[in-house]
């Protein structure tokens with residue numbers, strides 16, 4: 001009789017949990033939608049300014065492709081790497097998740113390092129002309145998001161040190177970091193196309 005009551009209590013608790021889903025992922029998605037609108041505004045303004053100028057970018061503010069292309073490959077690859085971490089935690093492999101998330105954070109740091117190197121070697125600054133202004137604002141805003149993404153990943157790694165904090169059934173924080181990182185990746189692909197590819201052809 002007692003076992004039956006306990007089983008019923010467990011079932012009720014499970015049903016109750018299903019009635020109250022974790023809204024953190026939904027909150028993240030709403031945040032990313034708002035960020036997408038901000039980036040969309042920047043993209044629209046950039047394209048409008050480009051259409052108003054016969055020569056784009058203006059002479060003396062050309063961009064190089066070598067470092068940004070390497071950076072792009074690193075960031076795209078990191079999206080696959082972080083996904084391996086999500087796969088690992090779904091198999092209750094916390095150590096594997098940590099490994100892949102460490103690698104992702106390192107790749108993000110290398111990306112930022114490449115971005116800083118590019119800034120130092122471009123030969124023009126934020127106020128040189130309208131293209132330079134767009135370039136620094138857009139890539140800098142994206143770089144800020146990459147930095148935030150690295151912090152989120154490191155936060156997941158830190159919290160995973162607590163036994164049982166993440167497992168195959170409870171890994172919302174891991175999933176949120178992955179979703180955010182994929183968002184950062186997609187935004188960069190658009191930026192790379194606008195600022196580097198389309199300005200060379």
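Cβ coordinates come from backbone N, Cα and C, glycine included.
Which of 65-85, 170-190 counts as transmembrane segment depends on Swiss-Prot, and there it is 65-85. Proximity of distant same-chain residues to the transmembrane segment (65-85), defined by a Cβ-Cβ separation under 8 Å and at least 6 residues beyond the stretch ends, is recorded for 96-101, 103-104, 107-108, 110-111, 114-115, 117-118, 146, 153, 174, 177-178, 181-182, 184-185, 188-189, 192, 196, 200. Distant neighbours of the transmembrane segment (100-120): 64, 67-68, 70-71, 74-75, 77-78, 81-82, 84-85, 88, 136, 139, 143, 146-147, 149-150, 153-154, 156-157, 174, 177, 181; these residues of the same chain sit at least 6 beyond its ends, with a Cβ under 8 Å from one of its Cβ atoms.
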